[in-house]
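What TrEMBL lists as active site, proton donor is 106. Look at TrEMBL and you will find 13, 14, 15 tagged as N(1)-(5-phospho-beta-D-ribosyl)glycinamide binding site. TrEMBL lists 61, 87, 88, 89, 90, 104 with the feature (6R)-10-formyltetrahydrofolate binding site. If you look up TrEMBL, you'll see 142 marked as site 'Raises pKa of active site His'.
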Ligand code: GAR
């Protein structure tokens, strides 16, 4: 049985679209049941509809948004929730209700550069390697057991835009891969460390310092 997934978005939804595309592949262990946004004009809602996915705007403040989102997620039989560019902090109650079934993607190698404008933070810090992280969500922003990370080089002439493009391409790879692992039950949480079954060596993780 494929796991039913709900996705929460705030904006353009390119990670959401990557998850929908992955879920359309034969053998993928999850299906996207619903996309929800707190913004009626989030471009990702239209993208989802064009991909044949139910997309709902709940234009309400917290906590009303969360209560309604929770109701819809349960009504659609959702078992895993993915935050995909969802820029609101969820309450502890919501996060605990979805504990170890709530994923987020963030455009940095967490725990470095949590919060807004992670790519700009990385450039300002002068790091030579940046990247992205998929993690299970805990109540504090951008924290929780890490399922996957991908690294990219920071090039000398990078702007926030060029670095963001390099990073988001990798987000679109690791988010569907991490969701598949969780949906297959291949993630074990030990303390606050996530262990994945049968991890192969991946040389792409090694990034030369430019
Ligand atoms: C992505 O880069 C995602 O990692 C980031 O917002 C962007 C959304 O793009 N999320 C965060 O910063 C969460 N702290 P998308 O709407 O095209 O997926």
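Along the chain as shown, the residues are counted starting at 1.
Heads up, the Cβ atoms here are built off N, Cα and C, so glycines get one too.
Mapped onto this structure are the features recorded in TrEMBL.
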{"residue": "13", "record": "N(1)-(5-phospho-beta-D-ribosyl)glycinamide binding site", "DSSP class": "coil"}
{"residue": "61", "record": "(6R)-10-formyltetrahydrofolate binding site", "DSSP class": "coil"}
{"residue": "87", "record": "(6R)-10-formyltetrahydrofolate binding site", "DSSP class": "coil"}
{"residue": "104", "record": "(6R)-10-formyltetrahydrofolate binding site", "DSSP class": "strand"}
{"residue": "142", "record": "site 'Raises pKa of active site His'", "DSSP class": "coil"}
Other C-beta atoms that fall within 10 angstroms of the C-beta of residue 90 ((6R)-10-formyltetrahydrofolate binding site): 24
Cα-Cα distance linking residue 88 ((6R)-10-formyltetrahydrofolate binding site) and residue 106 (active site, proton donor), given in Å to the nearest integer: 13
Residues among the binding-site residues 61, 88, 89, 90 that border ligand 1 - Cβ under 6 angstroms, in sequence order: none
Cα separation, residue 142 (site 'Raises pKa of active site His') to residue 61 ((6R)-10-formyltetrahydrofolate binding site) (Å, whole number): 21
Residue 61 ((6R)-10-formyltetrahydrofolate binding site) CB neighbourhood, other CB atoms within 10 A: 9
Per-residue Cβ crowding (10 Å cut-off), top of binding-site residues 14, 15, 104: 15
Rounded Cα separation (Å) that holds between residue 87 ((6R)-10-formyltetrahydrofolate binding site) and residue 142 (site 'Raises pKa of active site His'): 11
Between residue 14 (N(1)-(5-phospho-beta-D-ribosyl)glycinamide binding site) and residue 88 ((6R)-10-formyltetrahydrofolate binding site): CA-CA distance (Å): 17
Nearest of the recorded positions (89, 104, 142) to residue 14 (N(1)-(5-phospho-beta-D-ribosyl)glycinamide binding site), judged by Cα-Cα distance: 104
Residue from 89, 104, 142 whose C-alpha is spatially nearest that of residue 15 (N(1)-(5-phospho-beta-D-ribosyl)glycinamide binding site), among the recorded positions: 104
Entry from the recorded positions list 88, 106 having the most other CB atoms no farther than 10 A: 106
